[in-house]
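Below: the structure, in structure tokens.
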Amino acid sequence: MSKVIFHVDVNSAFLSWTAVEKLKNGEDIDIRKVPSVIGGDEKSRHGVVLAKSTPAKKYGIVTGESLYHARKKCPNILVFPPRFDTYRKASESMMNLLKRFTPHIEKYSIDECFMDVTNDLRGMESVEFASIIKERIKNELGFTVNVGISTNRLLAKMASELNKPDKINTLYKHEIKDKMWPLPVGELFMVGKSMKRKLNELHIKTIGELAKYDVNILKAKFKSHGNMVWEYANGIDNSDISRYRDEIKCISNETTLSMDLTDTEKIHKILVTLCENLGQRLRDANKYCTSISVNIRTSDFRNYSHQKKLKNAVSSTRDIILYADKIFNEMWGREPIRLLGVQLSGLCSGSSVQISMFDEKTDTRNEILDKTLDSIRKKYGDNVIMRSVLLEKEEK
């Protein structure tokens, strides 16, 4: 039996959640129905548009452009600052509601998730079941979502993007040719601006042209990423839904940069800082991780995430840095970066960890070193001992 996978994506999440909060507080205007945007910090980011209403979109306002340009297009546009605590609570409310329908949920980001409802349809058709979920979110939480339906995560995610807002879209294998292949190749999941440019140089303009291209040439030019996007263009995705649980299943850390970065050395130092924090939190929880993922958001607000499953569980900061750095170097296409994050998942306790006998001495030394550093930092502060790569930054 084929799986039934939903991708639930909040429509203009930040703006919608701000609108819901304002209406709850007694304000008369629904900012979703007038030209409005959620804007960033004007001092440090020059006021970029983080989210926009549908009426604002009609003025040509796009996510990622400056508030200055947005105001030139629509002088009377309403601008509201982001409220991340509000967004976190709204996201949690949605996840709690969705758990009533199935326990098989993977939270992909703050405003989207995957659901494996294969065994939860209760005799209903998938579109009917999705409609119930969509309407429950609208009626109980006050905002709208798109639901994409297919047999795997990739096609469900692509389906949710086909027609917005407040829509249910399907994208099954037999629909790929008509619904997905005509789309520009840049709209395919995991094809960023840099990859799009390189594919265009090969005269690949649409997803369909990518699907029909010689995969061996793509692998020769782009290695594993070339094979992956070719598979995605053909609707191939064998990944499973990681079940959402109330207990800690992952530890993550991310930072929004004060300016867009392309400098490899500076980015590496930020990555090291994130991993230092994660390593200590992992050890504080007496956990090891079996999977590491790196997330980036580019200057044009495109999100990318690559994950690596590890042969052996790790908890040392050194290992986390080495894996995260390798993953980042494999995925980054040199686009300017505005957000960088690292996530540790597949957590397990020390009693279930198997260490390779070849690495046992090194792992033991790293474990002792990390625990010693953790103890010193807790007592005297995070900056009392720093890795040389970070110390060089302070000395310059």
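Heads up, the Cβ atoms here are built off N, Cα and C, so glycines get one too.
Under the heading active site, Swiss-Prot lists Glu112. Classification of Glu112 (active site) by DSSP places it within a strand.
Swiss-Prot lists Asp9, Asp111 with the feature Mg(2+) binding site. Counting every protein chain shown, the number of other Cβ atoms lying within 10 Å of the Cβ of Asp9 (Mg(2+) binding site) is 22.
Sequence annotations record features per position, and here Swiss-Prot assigns domain 'UmuC' to 5-192.
Same-chain residues at least 6 positions away in sequence with a Cβ under 8 Å from that of Phe14 (site 'Substrate discrimination') are, in sequence order, Ile38, Leu50, Ala51, Pro82, Tyr87, Asp111. Under the heading site 'Substrate discrimination', Swiss-Prot lists Phe14.
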Chain-internal residues near Glu112 (active site), provided their CB is under 8 angstroms and they sit 6+ positions away:
His7, Val8, Asp9, Val10, Ser160
Validating a neighbour-count step here. Other CB atoms within 10 A of the CB of Asp111 (Mg(2+) binding site): how many?
22
Can you check how the pLDDT averages out over the domain 'UmuC' (5-192)?
92
